[in-house]
Amino acid sequence: MDSDMDYERPNVETIKCVVVGDNAVGKTRLICARACNATLTQYQLLATHVPTVWAIDQYRVCQEVLERSRDVVDDVSVSLRLWDTFGDHHKDRRFAYGRSDVVVLCFSIANPNSLHHVKTMWYPEIKHFCPRAPVILVGCQLDLRYADLEAVNRARRPLARPIKPNEILPPEKGREVAKELGIPYYETSVVAQFGIKDVFDNAIRAALISRRHLQFWKSHLRNVQRPLLQAPFLPPKPPPPIIVVPDPPSSSEECPAHLLEDPLCADVILVLQERVRIFAHKIYLSTSSSKFYDLFLMDLSEGELGGPSGSGGPRPEDHRSHPEQHHHHHHHHHGRDFLLRAASFDVCESVDEAGGSGPAGLRASTSDGILRGNGTGYLPGRGRVLSSWSRAFVSIQEEMAEDPLTFKSRLMVVVKMDNSIQPGPFRAVLKYLYTGELGENERDLMHIAHIAELLEVFDLRMMVANILNNEAFMNQEITKAFHVRRTNRVKECLAKGTFSDVTFILDDGTISAHKPLLISSCDWMAAMFGGPFVESSTREVVFPYTSKSCMRAVLEYLYTGMFTSSPDLDDMKLIVLANRLCLPHLVALTEQYTVTGLMEATQMMVDIDGDVLVFLELAQFHCAYQLADWCLHHICTNYNNVCRKFPRDMKAMSPENQEYFEKHRWPPVWYLKEEDHYQRARKEREKEDYLHLRRQPKRRWLFWNSPSSPSSSAAGSASPSSSSSAVV
């Protein structure tokens with residue numbers, strides 16, 4: 001349909017609306033939002049400003065734009081033609097003003113100068129070129145009033161002048177100027193899609209009312225209302241901050257390996273070939289090898305270990321006191337074939353190898369002779385001869401030994417290994433027991449497999465076989481399984497206090513722990529136990545202001561890398577303890593757990609306002625900044641309710657928090673003021689409309705009285721002046 005037909009259609013009012021204002025206030029965006037239904041994001045609007053003008057030819061060349069120009073306002077069919085202008089082309093604007101029905105005067109709420117120019121330049125210019133056209137004042141870019149200005153300024157072009165918070169104009173500033181000029185005032189946001197219809201519908205009303213005064217015979221213009229009031233815009237409720245848990249520390253394998261090289265708090269001495277002494281830790285060896293686990297649980301108070309047949313076994317303190325017997329048959333195969341035998345890492349029972357011999361090619365004959373010659377025996381003090389119990393060990397005993405780092409004598413467990421075990425391959429085995437890894441470039445793989453056979457570490461044998469078969473990639477799954485199983489054993493040792501070497505004295509009791517595990521997973525613990533402090537040489541450490549539930553949660557995290565909650569766990573006390581121990585990852589996990597609990601309580605209609613107030617300042621003081629941000633968000637979005645229930649607590653908040661509340665509270669203060677003004681103005685408008693209706697005459701006259709009878713026509717001819725006494 002040709003656009004000229006709108007001018008010829010009966011009862012269709014064509015409205016020419018000219019949009020003027022300073023550069024970059026949002027005129028063209030506003031026109032496109034109405035004419036083309038264009039939607040833009042805030043970042044698109046913040047792109048480099050290029051002066052543009054929306055061509056009036058769009059109504060002729062684009063059918064969609066023409067269709068969207070048609071509207072019905074107060075039962076009047078209209079066709080709205082929008083005219084865009086440049087903000088700085090003075091000569092071109094006078095042609096746009098010609099025969100305009102209404103003028104929309106725009107300014108930006110983030111640019112006070114644009115509002116100042118409304119009074120000093122734009123309104124006088126409008127009245128000069130089209131003195132009878134009504135004017136509508138529009139505040140654009142409303143979304144900047146509640147936006148994050150720091151993010152907005154970062155997204156703008158580099159040389160753009162930053163938007164300052166004190167430059168954001170409140171609604172009353174625009175309303176004051178509009179009242180001074182005697183024109184309606186509206187606000188819009190293309191980003192929020194707010195106020196666009198209000199502006200142009202009321203601009204149409206203003207144009208139709210102005211036209212009604214000149215074309216008073218058009219009856220369809222009688223019911224056109226004056227420009228309506230605009231309800232204030234309620235900004236969207238800000239979403240709660242998301243608790244981000246950073247990646248856990250990546251030194252889970254490096255620290256144990258370093259602990260093996262630098263044996264801090266070592267409690268085991270492994271003697272190889274009567275001359276090589278290697279310091280190690282019970283907790284690492286026992287949680288990685290079932291053989292070491294049974295060895296360290298052995299009762300050393302009895303000097304004799306069974307009879308020559310090996311029927312008398314060790315007496316561990318747990319359920320392993322009756323080990324299952326495993327017998328290996330002799331096969332004359334190549335060493336690599338031996339490595340490919342089925343193996344399982346989860347072998348927890350000891351193996352009776354008495355009277356047996358290892359596979360040919362992997363075990364030296366001299367070592368076999370030594371083992372067969374040593375049946376059972378006695379050691380002075382607390383110790384045992386282990387020849388008939390395991391082919392890997394010769395004896396175990398407790399003795400005073402010099403610490404390799406502090407050079408102080410203390411009680412240690414000395415384990416003499418079989419003479420066939422060489423130091424180099426044995427260190428590779430120890431590295432596996434500490435880290436679960438075996439290097440592909442390790443030498444003496446056959447000796448490593450031999451030691452793994454003696455210690456019954458069958459997964460290590462499988463890793464060696466994979467390397468020999470060029471299938472080392474399969475060792476990753478074995479390493480994962482190693483860590484899973486050791487984690488379970490470490491948790492068991494923590495629960496039972498097995499192999500513990502330190503006791504924490506807490507407010508409500510004591511809890512046993514293991515220094516090597518603490519040192520390898522916490523720098524704070526490493527400094528305490530490895531530095532020149534009293535705690536490094538004592539078995540009891542006092543932890544004031546700490547409960548057993550919090551310390552147990554910290555120990556489980558340090559041992560396993562996982563956070564485990566319990567019913568009696570106090571979230572804030574755990575955050576305080578984790579912050580004291582310099583564990584930011586645990587702090588983040590506890591923050592996430594706390595926020596999840598608060599949100600679940602909110603969904604169950606439980607009042608959490610009091611808890612949030614308590615959490616806020618504690619979280620800020622103890623570096624739980626994500627929890628503090630969440631608490632700030634909750635208080636800001638429930639500000640009125642919190643103030644009503646806890647007025648004293650809110651007044652006792654720090655000045656920084658109170659300033660934050662005033663700046664970020666929702667609904668914001670300007671909205672509450674606007675809502676109050678809108679309600680008062682609406683009541684006044686209703687009262688004015690009521691009084692206006694009462695003043696209207698009950699009887700309306702037409703321009704002439706149609707004669708219904710001869711007498712009436714005679715009366716009409718007798719008094720001709722009665723025909724001109726009508727009221728419209």
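Here the Cβ of each residue, glycine as well, is placed from N, Cα and C on the backbone.
The GTP binding site feature in Swiss-Prot is assigned to 21-28, 84-88, 140-143; the stated evidence is sequence analysis. What Swiss-Prot lists as compositional bias 'Low complexity' is 706-728. Per Swiss-Prot, domain 'BTB 1' is recorded for 266-333. As annotated by Swiss-Prot, domain 'BTB 2' applies to 500-567, with the evidence given as sequence analysis. Swiss-Prot lists 304-333, 703-728 with the feature region 'Disordered'.
Overlay of Swiss-Prot feature records on the structure.
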| residue | record | DSSP class |
| --- | --- | --- |
| GLY21 | GTP binding site | strand |
| LYS27 | GTP binding site | helix |
| THR85 | GTP binding site | coil |
| LEU142 | GTP binding site | helix |
By a simple count of other Cβ atoms within 10 Å, which of LYS27, LEU142, the binding-site residues in the record, is least packed? LEU142
Take the domain 'BTB 2' (500-567) and count its residues per DSSP category (helix H/G/I, strand E/B, coil), listing them in that order. 32 helix, 13 strand, 23 coil
For a quick check of packing: other C-beta atoms within 10 Å of the C-beta of GLY21 (GTP binding site), how many? 23
In the domain 'BTB 1' (266-333), averaged pLDDT is 67
For THR85 (GTP binding site), list the number of other Cβ atoms lying within 10 Å of its Cβ atom. 20
